[in-house]
Every structure is written in structure tokens, then in C-alpha cells.
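S.K.: My questions will all concern the structure given below.
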Amino acid sequence: MRLVAKLLYLAVLAICGLGIHGALTHPRVTPPVYPSVSFNLTGADTYEPFLRALQEKVILGNHTAFDLPVLNPESQVSDSNRFVLVPLTNPSGDTVTLAIDVVNLYVVAFSSNGKSYFFSGSTAVQRDNLFVDTTQEELNFTGNYTSLERQVGFGRVYIPLGPKSLDQAISSLRTYTLTAGDTKPLARGLLVVIQMVSEAARFRYIELRIRTSITDASEFTPDLLMLSMENNWSSMSSEIQQAQPGGIFAGVVQLRDERNNSIEVTNFRRLFELTYIAVLLYGCAPVTSSSYSNNAIDAQIIKMPVFRGGEYEKVCSVVEVTRRISGWDGLCVDVRYGHYIDGNPVQLRPCGNECNQLWTFRTDGTIRWLGKCLTASSSVMIYDCNTVPPEATKWVVSIDGTITNPHSGLVLTAPQAAEGTALSLENNIHAARQGWTVGDVEPLVTFIVGYKQMCLRENGENNFVWLEDCVLNRVQQEWALYGDGTIRVNSNRSLCVTSEDHEPSDLIVILKCEGSGNQRWVFNTNGTISNPNAKLLMDVAQRDVSLRKIILYRPTGNPNQQWITTTHPA
């Protein structure tokens with residue numbers, strides 16, 4: 001009888017322990033001690049350092065693409081290094097701890113009050129290593145956005161983000177561990193913490209919006225561009241890792257703007273200017289060790305795209321693509337009259353859909369139009385690829401927009417910004433008339449946000465630029481980014497952001513666009529804006545916005561040299 005009673009007791013205990021979702025079991029082994037990165041809402045100014053620390057913890061190796069860190073594939077991460085714990089605390093003192101997978105930055109579980117919850121379909125690696133000293137339970141929904149939004153009853157486009165929302169989310173997760181009640185507030189809280197932690201670590205655009213809301217103690221709802229970033233992180237990562245050395249995508253990244261218009265992105269430069277993507281999901285190992293020829297890079301201050309990787313299962317496949325090429329004043333590279341004859345000049349013309357502006361970038365380093373090669377000679381022309389010296393048909397496209405003929409060391413140049421101008425080869429002086437973009441030929445209209453989350457503004461021709469509080473729809477804060485590397489006043493696109501000279505402390509002003517080296521700018525993946533002619537960075541003078549001076553200066557690593565483009569500044 002005692003044996004029967006004991007068995008009945010154990011059976012009842014097991015049934016009661018199942019709870020609403022079913023208790024999870026795990027072997028009694030000593031779990032790994034995972035690194036921890038915490039954030040307390042009472043310290044609003046610690047949000048940015050918190051994200052930097054989280055990024056540092058999830059990036060285990062030195063794998064990069066275009067200087068962006070690539071997360072390690074699952075096969076290269078041991079169980080003992082698989083997760084990072086993220087305790088979040090609200091002003092009431094409530095704390096919940098998230099478990100984040102270093103392979104993909106996903107939130108896979110959370111814990112508080114001696115209980116932990118895992119999403120439906122959780123893995124043995126998660127259950128056996130996370131929160132093993134708590135009562136583990138499994139939720140009846142997964143952690144993807146579709147499942148979470150189904151639990152809430154509406155999309156995350158309607159769910160505010162900000163300090164108040166994060167406060168409530170922490171309380172909702174903690175309360176659920178106490179009562180195991182309604183899943184709607186739980187799912188809503190998870191949508192908030194996932195975006196304010198994981199997505200902000202993936203995209204500086206999202207980080208900036210959240211950081212601004214925390215600083216201003218305000219709330220905002222995600223715009224459609226932000227949501228499309230979140231939905232396309234995987235495809236962005238894949239395209240970047242499989243891009244040609246100059247950042248030319250094999251496919252198209254589909255985003256949406258705030259008005260729900262489609263944005264088709266075909267190169268890294270435009271994607272970065274739109275999203276400021278900060279971390280990549282592993283897709284494949286790049287086959288290219290460097291995106292530069294020696295001739296194209298020697299004078300550059302920021303060596304942007306360098307691929308580095310270890311031993312991977314999958315190697316990226318780089319394919320040929322056909323795109324338009326935009327240069328000085330937004331004009332496109334065009335075969336004169338579309339004549340298919342050797343020696344026909346290549347010229348500038350307004351961008352259109354004509355076939356004589358469609359260039360195929362081959363993996364052998366040639367750029368072709370209907371099979372004929374873009375050829376370096378006394379001028380730039382098309383020619384039969386088999387009848388000219390091979391070195392005359394080879395080109396290197398750099399991420400900064402330079403197109404170089406490696407044999408001569410000369411770069412593709414537009415002598416004038418006029419329709420019909422024949423292109424030439426000249427020494428590289430990093431001038432705007434030597435800047436090009438492949439694909440995405442239309443200028444991008446944006447705000448430029450810098451030190452103390454303030455916006456860059458212009459005050460007309462021959463005047464300085466400076467920082468002021470961001471104001472949506474203020475035309476003086478709107479800029480057009482051109483494929484030639486110029487930053488133009490959006491309300492008057494004949495005016496360019498210009499350095500007065502090329503020495504440290506030289507002022508940055510607004511002048512007529514002339515295609516000079518003082519008017520060409522590169523948005524770097526480290527958050528700086530460089531002038532490749534001067535080899536200096538855009539800098540808020542003395543870290544004092546009241547001086548109303550933006551200058552050129554040597555790299556310091558200080559926050560007054562950090563910038564981000566955004567279509568929604570406040």
C-alpha cells in the first residue's frame with residue numbers, strides 16, 4: 001500500500017507541475033554561466049552603452065562583411081557560449097531576464113520570480129542550459145512576429161514603443177510569471193522588448209528612434225520603414241554577404257517607406273543609408289578577401305569593405321548583375337545614341353529606362369553593354385572584349401563610389417555635369433565628379449542626425465551648417481544624397497555641403513555644386529562621415545553645438561563625429 005500511495009503521489013505531483021503549458025524537464029547537470037548585460041530604465045543615458053555591450057557579447061568572432069560584424073553560424077557556437085542573459089528593470093524595481101541567442105539575436109526565453117517561459121517548439125539546447133534552477137514552462141505560441149501579433153489581436157504597427165511601454169512590458173512579463181494568466185498582455189510585452197532590445201541591436205536606425213524616445217520620455221509607433229527592416233533582416237544580411245566587392249547586390253531588398261511605397265534597394269550603400277544596419281545574420285562565407293584594388297584604396301582614410309571569415313559550410317556565390325550607373329548631378333552612364341559599334345563614346349545622360357544605360361557587372365572584372373566591354377583608352381568607350389588588351393577592360397568598383405581601371409590606376413571621371421559629356425579617365429583626386437553609384441540611381445531624401453541627437457541644418461548659400469533640435473518637415477533639415485557622393489540641400493539641389501579647405505578645423509559650409517573633392521562625402525559603417533579628399537571626418541567643433549560650427553577633423557572616436565541618416569528624425 002505504501003508503494004501504491006507513493007506512486008499516486010508522484011503521479012499527482014507530475015500532473016500538477018504541468019501548469020497551463022506543461023512543465024519542462026532537464027537533466028541535472030551544472031549549466032553554463034552565460035554573460036549578462038543589464039539595462040535599468042531609471043538610467044536613460046545608459047541605453048546606448050547597453051546596446052553596445054550586448055552587441056559585443058553576441059559577436060563571438062571576427063567575421064565581417066563590409067566592416068559589419070556577422071554573427072557566427074550555429075555550427076560554430078558551443079552550448080556554453082550560445083546565449084546572453086539580459087536583465088531588464090523598470091522604475092518600480094520589477095526585473096525580468098531575457099535569454100538571447102547569439103546565433104540570431106532572438107529572444108528565446110524569459111525568467112522572473114523563480115519561473116521561466118520558453119516559446120513553443122523550444123529546443124533541448126535552450127531548455128537544458130537556460131534557467132535550469134527555475135520552474136520551466138512552455139508557451140503555446142512561438143516567438144516570431146506573426147505568432148505574437150496573433151496573440152495580441154493586431155499588428156505591432158499599433159503598439160507604441162518607448163520608456164512607458166518598456167516599463168509596462170517588464171511588468172507584464174513579471175506578472176505573467178506570477179499568475180500565468182492572459183497571454184495578450186504577455187505577447188504585447190514581448191513585442192515591445194524584442195524590438196527595443198534585439199531589433200535596436202540590429203539596426204542603428206531603430207536604436208536612434210528608441211534612444212530619442214527614452215531621452216525625451218515620449219512614445220512612438222513603428223513606421224513602415226522600421227517594420228520592413230525588422231521583416232527583412234535575414235534577406236538584407238544575405239544580400240550583403242553575397243554582394244559584389246563594390247556592394248552591388250545580386251537581388252533586390254524590398255522595403256517600405258512611411259507612406260507604404262515600395263523601396264527597391266540594390267546596393268549596400270543605399271541600404272546602409274536607409275537602415276544603418278549594425279549586425280548581420282550569418283548566411284554564407286564571402287569568397288572575396290578584399291573589395292579594393294591597391295590603386296583605389298591607397299589614399300582612403302576608411303577602408304570600408306573587407307571580408308574576413310573562417311571555415312564555413314556554405315560559400316557565398318557572387319553572380320553577375322545588370323544595373324544603371326549614376327554619377328555627377330544624378331546623370332547616368334550612357335552609350336551614345338545606343339550605337340553598337342566599337343569605339344562609341346560613353347557619356348552622361350539623364351537616367352531613364354533605355355537599354356543603353358544598362359550595364360552588366362561580370363565576375364571577371366569587366367563591365368559590359370550588350371556584350372561589348374567598357375574600355376579604358378584615350379577616352380572611355382565600348383569595344384569588342386576580344387580585340388582590345390584585357391587590362392583595358394578591367395574595372396574595380398569600390399564601396400565609396402570610385403570606379404578604377406587597375407592597370408592604369410586612373411578612375412572614371414565626368415569632366416562636366418552636362419548631358420552628352422563624354423567620360424574620361426583621370427587621376428583619382430576623390431572629387432564628386434569621380435563618384436558613382438551602381439543601382440539605386442535616384443537621390444535619397446533624408447535627415448542627418450548627429451551629436452546629442454540633433455539634426456544638421458543649412459542656412460542658404462555661403463553660410464555655415466550647424467546642429468539644431470530635429471523638427472519633422474523643416475525643409476532646412478532635409479538633404480538629398482546623390483550617387484556622386486554629394487550631400488545637397490533638398491530644397492535647392494544646386495547647393496552642396498562643402499568643406500572650405502582640406503585641413504583639420506576647416507569649416508563646412510553650403511556652396512554651389514562644382515563636383516570638387518571638397519564636396520564628396522562617404523557614410524562609413526562606423527557611423528562617421530568622411531571626406532575622402534581631405535581624409536578627415538565631419539565633426540561638431542569642440543563638442544559644443546552652441547558654437548554652430550561643423551568642421552573637418554581627424555578621427556577621434558568621440559560621439560561628436562557620429563552621424564546617422566533617418567527619414568524620421570523625431
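Just so it is clear, glycine is given a Cβ too, placed from its N, Cα and C backbone atoms.
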S.K.: Which candidate in Asn62, Asn232 appears in Swiss-Prot with the annotation N-linked glycosylation site?
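M.R.: Record says Asn62.
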S.K.: Of the cysteines Cys332, Cys355, which is paired with Cys351 in the disulfide recorded by Swiss-Prot?
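M.R.: In Swiss-Prot, Cys351 forms its recorded disulfide with Cys332.
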S.K.: Go through the chain and flag residues at least 6 beyond the ends of the repeat '2-gamma' (534-567) whose CB is under 8 A from any CB in it; none is fine as an answer.
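M.R.: Answer is 204-205, 208-209, 225, 257-258, 273-274, 276, 299-301, 444-452, 454, 456, 464-468, 481, 499, 501-508, 517-518, 521, 523, 527-528.
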S.K.: Quick test of the contact rule: Cβ under 8 Å, at least six residues beyond the ends. What residues does that give for the repeat '2-alpha' (452-489)?
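M.R.: Long-range Cβ neighbours of the repeat '2-alpha' (452-489): 208, 211-212, 215, 273, 326-330, 400-401, 432-433, 435-437, 440-441, 443-446, 495-497, 507-513, 515, 519-523, 540, 545, 548-550, 563, 565, 568-570.
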S.K.: So how many of the residues in the domain 'Ricin B-type lectin 2' (441-566) end up helix, strand or coil by DSSP?
M.R.: 18 helix, 47 strand, 61 coil
S.K.: For Glu199 (active site), write down the residues of its own chain that are at least 6 apart in sequence and whose Cβ falls under 8 Å from its Cβ; none is a fine answer.
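M.R.: The list for Glu199 (active site) reads Ile206, Met229, Glu230, given in order along the sequence.
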S.K.: Counting by DSSP, what is the helix, strand and coil composition of the repeat '1-gamma' (408-440)?
M.R.: 3 helix, 10 strand, 20 coil
